[in-house]
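Take a look at the structure below.
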Amino acid sequence: MGSLESEKTVTGYAARDSSGHLSPYTYTLRNKGPEDVIVRVIYCGICHSDLVQMHNEMGMSNYPMVPGHEVVGVVTEIGSEVKKFKVGEHVGVGCIVGSCRSCSNCNGSMEQYCSKRIWTYNDVNHDGTPTQGGFASSMVVDQMFVVRIPENLPLEQAAPLLCAGVTVYSPMKHFGMTEPGKKCGILGLGGVGHMGVKIAKAFGLHVTVISSSDKKKEEALEVLGADAYLVSKDAEKMQEAAESLDYIMDTIPVAHPLEPYLALLKTNGKLVMLGVVPEPLHFVTPLLILGRRSIAGSFIGSMEETQETLDFCAEKKVSSMIEVVGLDYINTAMERLVKNDVRYRFVVDVARSNLDK
């Protein structure tokens, strides 16, 4: 993808080690190829998986690392073969920026499951340069892994949809969890969970939020629009709710028992795992086989599904609940995220930070 054009130097906020502390970092973008677009970043959401990568919790982090995979910006340059986008258009970049394009997953519009997928950050581009994410002034991205932001969708609202939004939209479409009136449980009410409530309601489902305490009950019911709220530590209420749900989307990103939630499913019910949990999870098989229940997993979504998510949310007027912060606040935001002290997604106003000035 090389070219003779001059190199572009940009500034981002990078972690230098597993402490995860982010500070200004200047680096060179890879050269623009014929199918690349250069995106000036305007907003970038903060995801829990950013913490996982920054702190090397999976044991595969490379530093310096500029996180951020819920990127919204404007196209400033395009390669000679770019047909999808024009300079000046608002676009989004999600969790992946490359794949092999020849395997069965890629050919089946499931690029997120390609074994050679390239992560938006903490990975290596085809040309050998490291990928860096959206906590930076600009990015170079292959047009195939860029989506268009609908005109009636506020840019800051679009950012969480590029990860949290498509993470729930994709399994709902794939597993047929879109029939109005069906009962869906949302386990965990964080960034992904709150989008689960909103998108499930937009599909016409009856939504029950399941949480470990009643701290978010009023907000879940009155603000997010959930139909019911279940405290998992209330054994009596959990028993009353047994075999009442058609589906559960499990968004919890830490180790937790599965048995209490499998018991909530009807016959043929599905528990879909969405959280990245590095420890083993345990359950007893009778809870599955005596109700023909199933446990499945789902990972973000394809590029096609990501565009669908944006278009669906724009059409249905589905908004994310966000707190917009500047890059000068980003380390505090990360500390608050560890404590689950955000309703429900931080979005960084990157453009306001004037990184390259």
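The backbone N, Cα and C atoms fix where each Cβ goes, and this holds for glycine too.
Here the structure is a predicted model, which means the values were calculated and not measured.
The annotation Zn(2+) 1 binding site is assigned in Swiss-Prot to Cys47, His69, Glu70, Cys163. Residues or ranges marked as NADP(+) binding site by Swiss-Prot: Ser49, Thr167, 188-193, 211-216, Thr251, Gly275, 298-300. The annotation Zn(2+) 2 binding site is assigned in Swiss-Prot to Cys100, Cys103, Cys106, Cys114 on the grounds of similarity to another entry.
When the CA atoms are compared, the binding-site residues lying within 10 A of Ile300 (NADP(+) binding site) are Cys163, out of the candidates Cys47, Glu70, Cys106, Cys163.
Neighbouring residues of the recorded Zn(2+) 2 site, listed in sequence order and excluding Cys100, Cys103, Cys106, Cys114, comprise Ser99, Arg101, Ser102, Ser104, Asn105, Asn107, Glu111, Ser115, Lys116, Arg117 (Cβ within 8 Å of the Cβ centroid). In this structure, the binding-site residues Cys114, Cys163 were compared by how many other Cβ atoms lie within 10 Å of their Cβ, and the smallest count belongs to Cys114. Ser49 (NADP(+) binding site) carries a helical DSSP state (H, G or I).
When Cα-Cα distances from His69 (Zn(2+) 1 binding site) are compared across the binding-site residues Cys103, Leu189, Lys215, the shortest belongs to Leu189. It is Cys103, among the binding-site residues Cys47, Cys103, Val192, Ile300, whose Cβ has the fewest other Cβ atoms within 10 Å in the structure shown. Among the binding-site residues listed here, namely Cys100, Leu189, Val192, Ser212, Lys215, Val192 has its C-alpha nearest to that of Cys47 (Zn(2+) 1 binding site).
Close to the recorded Zn(2+) 1 site, the chain also has Cys44, Gly45, Ile46, Ser49, Asp50, Gly68, Val71, Gly94, Cys95, Ala159, Pro160, Leu162, Ala164: residues not among Cys47, His69, Glu70, Cys163 whose Cβ is within 8 Å of the site's Cβ mean position. Scoring each of the binding-site residues (Ser49, Ser212) by how many neighbouring Cβ atoms lie within 10 Å, the top position goes to Ser49.
Cβ environment of Cys100 (Zn(2+) 2 binding site): Cys106, Cys114, Ser115, Lys116 lie under 8 Å away, each six or more residues apart in the same chain. Taking Cβ-Cβ distances under 8 Å and a sequence gap of 6 or more within the same chain, the neighbours of Glu70 (Zn(2+) 1 binding site) are Cys44, Gly45, Ile46, Cys47, Gly92, Gly94, Gly134, Ala159, Pro160, Leu161, Leu162, Cys163, Ala164, Val347. Sequence-distant neighbours of Leu189 (NADP(+) binding site) (same chain, six or more apart, CB under 8 Å from its CB) are Val197, Val209, Ser211, Lys216, Ala220, Leu224, Tyr344, listed in sequence order. Fewest Cβ neighbours within 10 Å among the binding-site residues His69, Lys215: that distinction goes to Lys215.
When Cα-Cα distances from Cys103 (Zn(2+) 2 binding site) are compared across the binding-site residues Ser212, Lys215, Gly275, the shortest belongs to Gly275.
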